[in-house]
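Visitor: The 5-hydroxymethyl-dUMP binding site feature in Swiss-Prot is assigned to Gly7, Ile9, Arg10, Gly11, Ser78, Gly80, Glu84, Ser108.
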Amino acid sequence: MKVYFCGSIRGGRDDAELYHRMVAKLQSFATVLTEHVGRRELGDTGEHVTQGDRFIHDRDVDWLRQSDVVVAEVTQPSLGVGYELGRAVDMKKKVLCLFRPSSGRRLSAMIRGADNGDSFVVRDYCQDEIEQVLEDFFSNQK
């Protein structure tokens with residue numbers, strides 16, 4: 001199984017440590033195509049690739065096409081994550097969006113309203129339960 005993990009990069013890296021934990025857990029279930037999102041040292045300027053933004057876009061869309069499941073941490077608002085989710089829906093990918101209400105933020109209605117309980121799932125969670133949330137989700141994906 002291949003997982004495309006979405007998390008904010010240029011929109012802010014406040015959750016970088018959490019992304020690291022999530023990617024580590026996801027790797028116990030599947031190949032994570034976007035493991036770089038979980039790198040603690042990745043700053044909000046993004047990756048330093050000489051090929052530029054077009055290269056990043058095309059590479060990531062290719063990874064999205066290859067993926068079986070998309071897991072997105074959506075607490076930190078990010079235009080890129082929203083774009084990835086829209087593309088994932090268009091590609092008919094199974095999507096799990098994870099949101100922490102304790103952040104004080106409100107999740108966009110375009111994300112929460114897309115939850116259909118099947119191919120697009122939005123789950124509220126607390127940081128200390130993230131590993132269990134992922135285990136529960138992936139135990140139903142086999």
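Quick reminder: no glycine exception, Cβ is built from N, Cα and C everywhere.
As the structure is a computational prediction, the values presented were derived from the model and not from experiment.
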Visitor: If you count other C-beta atoms within 10 angstroms, which of the binding-site residues Gly7, Gly11, Gly80 is the most crowded?
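Guide: Most Cβ neighbours within 10 Å: Gly7.
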Visitor: If we count other C-beta atoms within 10 Å, could you say which of the binding-site residues Ser78, Ser108 has the fewest?
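Guide: Relative to the other binding-site residues in Ser78, Ser108, Ser108 has the fewest Cβ atoms within 10 Å.
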Visitor: Specify the count of other C-beta atoms within 10 Å of the C-beta of Glu84 (5-hydroxymethyl-dUMP binding site).
Guide: 24
Visitor: Quick one: what's DSSP say for Gly80 (5-hydroxymethyl-dUMP binding site), helix, strand or coil?
Guide: helix
Visitor: Let me spell it out: for each of the binding-site residues (Ile9, Arg10), count the other Cβ atoms within 10 Å of that residue's Cβ, using every protein chain shown. Which one has the most?
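Guide: The residue with the densest Cβ neighbourhood is Ile9.
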